């Protein structure tokens, strides 16, 4: 066995040893976040409530220009996810509401629990994979793919998603282009959208 092989085996054993040391690592959001997540809360101060998230309860009213309400359960609001490599979100749609084209660092799985939506993603060959989903249907969105959801039913819709990362991040393409500090002339050039349309979008997001 060469030196590289010994090093790989050592790293693997060290990782397994660290994983076995603790049953869990409930994050402490009061401390700085590092590349591996938050530092662990003192196990002596961990309670059952730390493992329960109640933020998905009740009705959620869509409250933005897209007609949606997204309730995130990432490790910063549900620290029990810290170190587990998972997170969740609840998606609520008004009639006609959408989750616009966006991406994450992670893969995502969605289950529809109310209403009817069209969901899909666009792969790197620019092929769109989309389908109308009904209650109980599940769809997977591969890592980093641009994806979207649209309520095409006559009633509000609700879905839950799980992502394979405690902090998967969320980047909405429309807000990235029109709601930030990207100058209108650059947005026009990189989208091939007319200047008037760029300014209309910026007015919608309050950045004109």
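Cβ atoms here come from the backbone N, Cα and C positions, even for glycine.
Model, not experiment: these values are computed from the prediction.
What TrEMBL says about this protein:
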- 1-19: signal peptide (SIGNAL)
- 25-40: disulfide bond (DISULFID)
- 54-199: domain 'Cupin type-1' (DOMAIN)
- 102, 104, 108, 147: Mn(2+) binding site (BINDING)
- 104, 108: oxalate binding site (BINDING)
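Mapped onto this structure are the features recorded in TrEMBL.
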| residue | record | Cβ contacts under 8 Å, 6 or more apart |
| --- | --- | --- |
| 25 | disulfide bond | 37, 40, 41, 82, 83 |
| 102 | Mn(2+) binding site | 146, 147, 148, 170, 171, 172, 173 |
| 104 | Mn(2+) binding site | 143, 144, 163, 165, 168, 169, 170, 171 |
| 108 | Mn(2+) binding site | 140, 141, 147, 161, 162, 163, 168 |
Around the recorded Mn(2+) site (102, 104, 108, 147), other residues with Cβ within 8 Å of the Cβ centre, ordered by sequence, are 103, 121, 141, 145, 146, 163, 168, 170
May I have the DSSP-based helix, strand and coil counts for the residues of the domain 'Cupin type-1' (54-199)? 22 helix, 57 strand, 67 coil
Would you count the other C-beta atoms found within 10 angstroms of the C-beta of residue 40 (disulfide bond) for me? 17
On the domain 'Cupin type-1' (54-199), the mean of the pLDDT values is 95
